[in-house]
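Encoded as structure tokens, the structure appears first; notes follow it.
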Amino acid sequence: MEATPAVSGGNGAADEVSQAETAILRLKLAVWQQFQHVLDKTTPHVLRRWIGFSVLAFLYVIRVYFLQGFYVVSYALGIYILNLLIGFLSPQEDPALAADGPSLPTRASDEFRPFVRRLPEFKFWYSITKAFCLAFVMTFFSAFDIPVFWPILLFYWVVLFTLTMRKQISHMIKYRYVPFTFGKQGKKPSAEESTSLPVD
């Protein structure tokens, strides 16, 4: 009986597939590193970042207004923004859960401590910008245009926003903190401090 010849092309095909996957992974990594580099460069430009976001939000509102639809997408976007806003206004350590009481200064004589947010400003901007970009893309697909009576969604969102903000403001008053850091008066920053980039 003659021996069956071994298949020699199997390993070659597997190697080609492995090399293609490796090339794709390297390309993804290179694109992600470049994107992260650009993102890092925008960190100190707070005003420019928020101006860019405002333009994006304005374009989204104009598009939804002229399309007269995608109200469910806008409602979901509003709920997500509200959730981000609560994290942005909340301290990193909840004073209500602190074992030794509030960790924030409550008197003028207390040691100065900057307000540390649960959701830093840069992450807040990045998350809300991604949300608007996603919502804007969704307006190009009719599958997301679910017919609904939009005044009900608007009324429900306003009620939810009012109740949430009322609870947040009550929490701020109870534990006597303000979600903004204005800096300690009477101390000039050194040259090293003034040139360092802010860290969120």
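Note that Cβ sites are derived from N, Cα and C of the backbone, with glycine treated the same way.
If one looks beyond the transmembrane segment (50-66) by at least 6 residues along the same chain, the residues whose Cβ comes under 8 Å of a Cβ in the stretch are 74, 125, 128-129, 132-133, 135-136, 139. Per TrEMBL, transmembrane segment is recorded for 50-66 (among others).
Cβ atoms under 8 Å from those of the transmembrane segment (72-89) belong to residues 64, 117-119, 121, 124, 127-128, 131-132, 135, 138-139, 144, 146, 148, 153, 157, 160-161, 164, 168, 172, 179 of the same chain, restricted to positions at least 6 beyond its ends. Annotation comment: TrEMBL describes 72-89 (among others) as transmembrane segment.
Using a Cβ-Cβ cut-off under 8 Å and counting only residues 6 or more beyond its ends in the same chain, the transmembrane segment (124-142) has close neighbours at 39, 49-50, 52-53, 56-57, 59-60, 63-64, 67, 69-70, 73-74, 76-77, 80-81, 84, 87-88, 117. Per TrEMBL, the feature transmembrane segment maps to 124-142 (among others).
Residues or ranges marked as transmembrane segment in TrEMBL: 148-166 (among others).
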